[in-house]
Amino acid sequence: MIWGLGLMVAMATAWADPVSPQAQMAVQQHGRARVMVMLDSTAGNRVPSMSATSLPAGGLALAAKQRARRVSQDRDALLSTLPRGGYRVRRSFAQVPALVMDVDAQALQRLRRNPRVLGVDLDRGGTGASVAPDESSVVNGVSLLQPASLDGRGMKVAVIDTGVDSDHPDIAAQLLDEQCFCSLADGDRGCCPNGLTSQSGKGAAEDDNGHGSNVAGIIVGQGRVAPRGAVPAAQLVAVKVLDRQNNFCCSSDVVAALDWLASHHPDVDVVNLSLGSWDLYAGSCDNSRSSTRALKSAVDRLTELGAVVVASAGNQGSANAMSAPACLSNVLGVAAAWDVNAGPATLLGCTEASRAPRQPACFSNRSATTALYAAGAMVTSVGLAGGTSVFGGTSQAAPMVAACQLALKQAAPAATVVQRMDAVRLSYSRVTDIVSGRGYAFLDCPDAVDLLQPGYFSSPRQPIAVRGAQPLIPPRGPRTSGSSVAVGPLLATTATATVQPDALAAIRARTSPPRSSRLLRVRELEP
């Protein structure tokens with residue numbers, strides 16, 4: 001009897017209710033609720049992964065079709081178990097094993113009992129809120145890219161935002177494609193230009209707020225009206241998910257945008273998301289709820305195809321949490337800093353006593369998993385009606401990093417996604433958040449380029465960096481005394497030691513295992 005009781009307890013604790021309390025409460029209170037349902041893609045290894053480097057020519061398209069077919073089969077199998085009239089599908093995806101539904105209590109109970117359901121959560125929304133002139137471009141080093149022939153030529157960037165002013169002189173020539181996924185929380189109408197929840201083709205991503213035009217201009221602006229963008233020769237894909245108030249009702253619209261990019265623009269090099277959920281997450285949010293699982297799955301598809309995904313950390317001023325998707329482990333989450341020496345200022349709900357270049361902004365979210373800071377307040381860029389606009393926030397810091405990532409791909413096309421991400425996370429430039437006491441990398445794009453392509457900007461700092469077993473830059477000349485060095489793939493977890501000159505070579509050898517896919521840096525610290 002005791003053994004049987006122990007077995008029952010073990011079985012009870014092993015099962016986790018996939019339905020969140022918030023989803024359960026919403027159904028109880030309103031009879032139905034809009035939920036995101038995440039399916040277990042690992043069951044039976046049904047949904048294959050894709051890799052741009054592991055498949056033969058034409059293999060990516062075939063793998064994508066196979067994945068879409070299996071995702072569809074799993075979706076249909078799930079729907080066949082639900083009661084008629086108990087649900088309504090609001091949105092489904094081609095590459096992501098998830099779907100969005102309105103469900104009643106009976107359908108919710110069926111979902112709870114289905115072993116293929118990983119999670120059921122409310123399909124909550126968020127914002128792209130921000131209130132960068134181009135001091136930010138100078139502080140971040142991206143103003144140096146075009147003069148060095150890193151103008152984004154041959155690169156493609158996707159901006160998921162409020163859309164763009166499609167006929168703006170600084171945008172029109174670079175605009176390659178448009179798409180919209182913009183839902184309203186209630187009813188069947190949407191916030192796409194056609195009044196529906198989705199729209200494709202010319203005019204589908206017309207901006208009715210100005211936020212997305214500003215963000216896109218920071219990256220690809222031609223400089224005819226507003227200040228020039230960092231990489232003006234890059235092609236632009238605009239996807240509208242934010243409404244005229246610069247909000248999104250549902251995370252599923254963002255998932256749909258990422259899913260659409262993987263299917264329709266598998267060659268996209270960088271994706272920028274200057275937006276974030278209302279909910280904040282401390283640390284990695286990969287498995288926090290169905291919406292973040294779906295976002296993680298969608299980003300996984302893009303990184304497998306070779307894209308770097310960048311997102312703004314959010315502007316709620318949290319010192320220990322970020323919004324989604326910035327909190328995902330496969331996304332570069334970007335916090336914001338000021339770009340000028342100036343006096344007091346109140347912005348986005350907080351007041352600074354003074355401002356200085358690279359000073360972390362009080363409104364910026366950050367956490368232990370924030371990838372880096374970049375200047376993003378204030379930024380003058382493309383505006384509506386063919387004009388200019390001035391915005392500031394993490395929304396403006398993120399496209400600075402996105403532009404740098406395009407330059408890194410152009411400068412070092414053989415570098416992997418992780419190596420390009422590491423190149424900005426390993427920055428010599430550092431900032432300290434006085435609230436949390438944590439130190440962070442600060443965007444220094446020429447330094448990141450030099451890390452992947454030594455000597456491109458003739459950096460006087462001469463970092464010792466390693467890709468695989470090959471040193472990218474030789475160590476400094478012999479020293480007559482010991483040097484303090486920091487060693488590590490990420491400076492947030494570096495080890496520091498004092499070594500003699502002849503030990504540098506040994507450190508370099510020990511930190512460069514054959515076939516390593518990560519960047520490592522040995523940096524000499526100031527005495």
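Backbone N, Cα and C define each Cβ position, glycine as well.
Note that the structure is predicted; figures quoted are calculated from it, not measured.
What TrEMBL annotates here:
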SIGNAL    1-16  signal peptide
DOMAIN    152-419  domain 'Peptidase S8/S53'
ACT_SITE  Asp161  active site, charge relay system
ACT_SITE  His211  active site, charge relay system
ACT_SITE  Ser395  active site, charge relay system
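Where TrEMBL records a feature, it is marked here on the structure.
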{"residue": "Asp161", "record": "active site, charge relay system", "Cβ within 10 Å": "30"}
{"residue": "His211", "record": "active site, charge relay system", "Cβ within 10 Å": "28"}
{"residue": "Ser395", "record": "active site, charge relay system", "Cβ within 10 Å": "35"}
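His211 (active site, charge relay system) sits 7 Å from Asp161 (active site, charge relay system), taking the CA atoms of both as reference points. Spacing of Asp161 (active site, charge relay system) relative to Ser395 (active site, charge relay system) is 10 Å (Cα to Cα, whole number). The DSSP secondary structure for Asp161 (active site, charge relay system) is strand.
In the predicted structure, the domain 'Peptidase S8/S53' (152-419) carries a mean pLDDT of 96.
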